[in-house]
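Quick notes on the structure that follows.
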């Protein structure tokens with residue numbers, strides 16, 4: 001045997017080298033495949049985890065919001081008195097036609113507009129003035145003042161309505177006693193059709209003014225102080241600072257409160273209408289929300305109540321869409 005035919009120690013043959021390379025590539029490939037599978041599982045877990053957190057809220061939203069809305073749309077085409085064994089009669093668009101032909105529907109719609117117009121100054125303009133002009137007070141006095149204004153907001157609406165019923169009583173109410181002391185005749189705040197709706201608006205606004213003041217005070221406190229200081233150094237007066245700095249930067253909060261008052265102002269007055277006037281006198285204080293409740297629980301007409309709810313949803317949905325566009329266009333920020 002020649003020396004050339006003997007294997008050299010430490011040197012692999014070509015066949016062994018190729019097989020070892022194949023084994024190495026297989027191991028490397030398996031490692032890459034394993035890491036790919038692990039990465040895919042982690043990515044899938046990351047994508048699923050947020051939905052698991054959102055699942056309870058989504059289920060609650062479907063059960064309490066979307067399903068009742070869909071069922072109200074279905075019931076608006078039926079005549080039903082809400083008794084368990086009574087039949088649901090399909091009447092197509094008849095419920096909508098009857099509602100639009102009712103004079104009290106148009107009266108309630110007009111009163112809803114009056115509620116909104118009356119609540120806007122109380123829920124927006126007065127809190128705006130309070131938030132701006134109490135900003136420069138000492139911190140302790142400012143907090144006490146705002147806490148006093150916010151107190152009506154934490155009182156239960158039914159309790160507040162009962163207190164106001166006693167205060168406004170024409171015979172022994174404290175408000176009418178004060179009026180008599182000044183030599184005037186007592187006012188029938190809840191029995192006079194011309195006065196009752198403005199009484200409900202005043203009570204509702206008294207309840208809301210604290211919430212609006214809190215929102216606007218927080219927004220006013222978040223305005224960058226350097227902007228105000230720079231304006232003062234340039235010789236700007238207090239009114240110029242309010243007009244050119246504070247009001248533009250408070251526009252988003254003001255528009256938010258305007259939107260809330262337009263969409264929910266008449267709804268916030270429901271408890272006071274129900275407890276104090278029952279929609280009277282002569283329908284003077286009823287609004288679209290109270291009429292919806294009256295159709296469902298007084299007249300026992302689920303079809304009319306559901307049709308009114310659908311009309312309300314579509315009407316205020318269109319208004320909300322317009323107001324959101326308005327907020328996006330006319331809001332200012334200091335950044």
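FYI, residue positions are counted from 1 along the chain as it appears here.
From the backbone N, Cα and C atoms, a Cβ is placed for every residue, glycine too.
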Inset, instruction - For the transmembrane segment entry in TrEMBL, name the matching range from 173-194, 195-216. - result: 195-216
Inset, instruction - Can you dig out which of the ranges 90-111, 112-133 TrEMBL describes as transmembrane segment? - result: 112-133
